[in-house]
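**Student:** This is the structure I have questions about; it appears just below.
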Amino acid sequence: MLQSLAGSSCVRLVEQHRSAWCFALLVLGYLLYLVFGAVVFSSVELPYEDLLRQELSKLKQRFLEEHACLSEEQLEQFLVRVLEASNYGVSVLSNASGNWNWDFTSSLFFASTVLSTTGYGHTVPLSDGGKAFCIIYSVIGIPFTLLFLTAVVQRIIVYVTRRPVLYFHIHWGFSKQVVAIIHAMVLGFVTVSCFFLIPAAIFSVLEDDWNFLESFYFCFISLSTIGLGDYVPGEGYNQKFRELYKIGITCYLLMGLIAMLVVLETFCELHELKKFRKLFYVKKDKEEDQVHIMEHDQLSFSSISDQAASMKDDQKANEPFVNSQSPTSNDSSLNN
């Protein structure tokens, strides 16, 4: 008997604080996922880093042995300067000297990566004025971009998601939830094909050093706004039609970002995902909701009464030939 009472009390306690328990599990799961990613990346990439360090050390030692007139300090000073320039997108290689990083098309591509928060990092402002302008430009431009993307996505999703789902639900009699799930899967497949698979195949042909996996990796890193910057198209020294290519990439990133947001919004509107998200939200008390409703009703009633009073005053003001008489004057006139 006591065990059954204790069990029922525990069940009641869990049900009362269900949202808090779900949120705690969410936080714990996220932290474990971070640790899992760190372990996998470390185990996979650390051996390659070690091999690269050993290779560079051997190359440096061999270069110093072949050029005895050059000291190690002079070589390191030169390499430091070269690496600093490379971080700013400037290369000392003769085959890359013809590519300017701040012509109009490259600047347009940089502006698009800044406003979309992709930020490859392959090209950064050199001057203090450019850095200051980048701050001001981003502070204004990023919220402006979010507003622009939100407005575009809200209009596109009406024609791409909501109307097709309602059409099949009303005219064909299918379940709305089933139609929404099938539509989301089809839309996701079309988006992956048009903005990941096909562009990856195109980039693998246009970029000499990229295979299909590297091209697909670039598309995903770009459209997810991660922007690591290890792969940036149009930076080859023998790139044909580089200006037109940069403009095309800018358009692709903008359209792909809109498509990704449309797909995410479509999946977020699924009934099952809405129920799942509500598990982690804080529920409002019914008393607070009733208070808010009463306050809203009082405000609306007072506003309606104020509007009615103002309308009566306006009607009186618009009748200049009607004299306002007091009740006593009317009574006296009736007695007479």
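Using the three backbone atoms N, Cα and C, a Cβ is placed for every residue, glycine included.
Here's the feature list from TrEMBL:
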TRANSMEM  21-44  transmembrane segment
DOMAIN    94-156  domain 'Potassium channel'
CARBOHYD  Asn95  N-linked glycosylation site
TRANSMEM  135-157  transmembrane segment
TRANSMEM  178-203  transmembrane segment
DOMAIN    192-268  domain 'Potassium channel'
TRANSMEM  215-232  transmembrane segment
TRANSMEM  244-264  transmembrane segment
REGION    306-336  region 'Disordered'
COMPBIAS  321-336  compositional bias 'Polar residues'
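Describe the structural context of each listed feature in the structure shown, including burial, neighbouring residues and relevant distances.
**Tutor:** Residue counts for the domain 'Potassium channel' (94-156) by DSSP state, with H, G and I taken as helix and E and B as strand, are 44 helix, 0 strand, 19 coil.
Listed as Cβ neighbours of the transmembrane segment (135-157) (distance under 8 Å, sequence separation of 6 or more from its ends, same chain) are residues 111, 114-117, 257-258, 261-262, 265-266.
Outside the transmembrane segment (178-203), and at least 6 residues removed from its termini, the chain residues within Cβ reach (under 8 Å) are 160-161, 164-165, 168-169, 210, 212, 215-216, 218-220, 223, 233, 252, 255-256, 259-260, 262-263, 266-267, 269-272.
Mean per-residue pLDDT, taken over the domain 'Potassium channel' (192-268), amounts to 90.
Same-chain residues lying 6 or more positions outside the transmembrane segment (244-264) and placing a CB less than 8 Å from one of its CB atoms are 105-106, 108-109, 112-113, 116, 118, 149, 152-153, 156-157, 160-161, 184, 187-188, 191, 194-195, 199, 206, 219, 222-225, 233-234.
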